[in-house]
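Following: one structure in structure tokens, then a few remarks.
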Amino acid sequence: MHRAISQQLLAILAAILALSVILCVATEVPRPRGVSLIKAALYQPRGGDNSWTCLDGSKTIPFVQVNDDYCDCPDGSDEPGTSACAQGQFHCLNKGHESVDIPSSRVQDGVCDCCDGSDESQVVGCANTCAELGAAAAIQRRNQAELHRQGAEKRLEMITRGRQLRADRETRRMELERRIKDQEALKSEKQQIKINAEALESDALEVFKEQQRELDADTVQAEEEPQQMRHEASLSFAVYDINKDGFVEVTELMVDINLDRDRNGVVTVEEAKYFLDERERVDLDAFVTLAWPRIKPLKMLAEGLFQPPHAEEQVPPVGEVPVEATTEGVQPTPPQQTEEQVDMEDSTDGEADEEGDEDQYDDEDGDVGVGEASPEVEAPAPPIYDPETQRLVEQANEARNALDEVERNIREIEQEVKEIDEQSAKDYGPQEEWAVLDGECYNFEDREYVYTLCPFDRASQKPRNGGAETTLGRWEQWIGEGYKYSKQKYGNGAACWNGPQRSAIIDIRCALEPRITSVGEPNRCEYYFEFETPAACDSEAQQAENVHDEL
């Protein structure tokens, strides 16, 4: 019976304690100094001996030893209101503001840590500033809630625009897919027209070449010249035919910088086609008759055959006296010289010869001006065909150009589709609210650099006084903890000197307008941006509106 009564009493006590916790705002629960209301039940004496057990269960002590300024428990839980235990915690009630826990080592240290001054004795005279701080905090919370409310409205606009951008991309991609099918069908048609036109052209050119051979057979010289040209052309054909398929193609001519007609450092497709008589490729016969006459002058120019000769100075042999220095053409007999005089003269002559050689080199170098353009060589005129052959050649060229245009259109469409797919693969947030920032860039200036953030693309810096831009990182992923879309990472930036590649972390906060508020480099080559935007005013706005005024 006694046991049953004890259990009933314990149940009643537990209910009373639970009720006291629930009604904590309206009821003061007796507890030692420095103990929070939620832990009040843990600081009650037990049994008839008024004993108390340390919170870690390691030791039982008389309850009167709680807050006796002596650390009895290993976890320091017996001294919440004194500084006796280094690992203890003191609870600042801070009525009218936010309750906080501080290390018990700050209790009675002469510094007012709690806004209600409960951590210090009355001798210190801490003023109770909780009401003022609570009022200021309430105003700040209301302002923050209003900021998030307005930002959330702008975020809704960004969501609408982002979804429209995705819809536009999907519509555009469907249109491009239809265009690719149409262009592929047109490509097949143009390929067949090209094949037919080139067949007619080939036959006509074969007849033309045969007629040319008959005309060239009139004289021995006319026969030897084509043979020599064919030999030279055959050697060049073998060099240009890199893949050894029996044809010289446009791409094989583009590697020969000597064929750069406009001297811009690149042999374009149009320049290469000029030498192939506007064809994609030619066989040996066509190369000899059509391509080689155009290529040969430039090859000769590259080999220096057109460089003007240098005038060589006529230097008389050492010891020979020019005729102008004699009297009536009679050479005077030189006087006899001693061995020492001969040695001195030889030395002097050697030095003079060296100076003369240097002068000669200077003269030769002076013949070619620095930066002067190479002599221009007019390209040979294309063969003059008979009217019918000319018509077939032009018809084949038109067919080739038409096919090239279709293939170029297909490449451009495929490139646009690739860009759309890359953009659609980016994570623009759960409701596409971040999509409108892609393509925009924002700057921030400090004393030394101008920092640039282009969301979903790159982060960079550039000296304010001028200089090259340095890439700090390129878009990688979202890395927010707790909320994924609160932080971005940009990696694989330019390498630091004797260090790692640069990277940037973008910490994102809610605001009414997108802007960078600060940039720092907490670690070497690791940059930290603080960026504000309405796109971040989502869950934070709801949390701010649900904050209750604690006053």
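Every residue, even glycine, has its Cβ placed from backbone N, Cα and C.
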TrEMBL annotation (coiled coil) - matching range among 389-426, 465-502: 389-426
Tell me which range among 106-165, 166-225 TrEMBL lists as coiled coil. 166-225
Sequence-remote contacts (6 or more beyond its ends) of the coiled coil (389-426), Cβ cut-off under 8 Å? 166, 169-170, 172-173, 176-177, 179-180, 183-184, 186-187, 190-191, 193-194, 196-198, 200-201, 204-205, 207-208, 277-280, 438, 456, 475
Determine the mean pLDDT over the coiled coil (166-225), rounding to the nearest whole number. 88
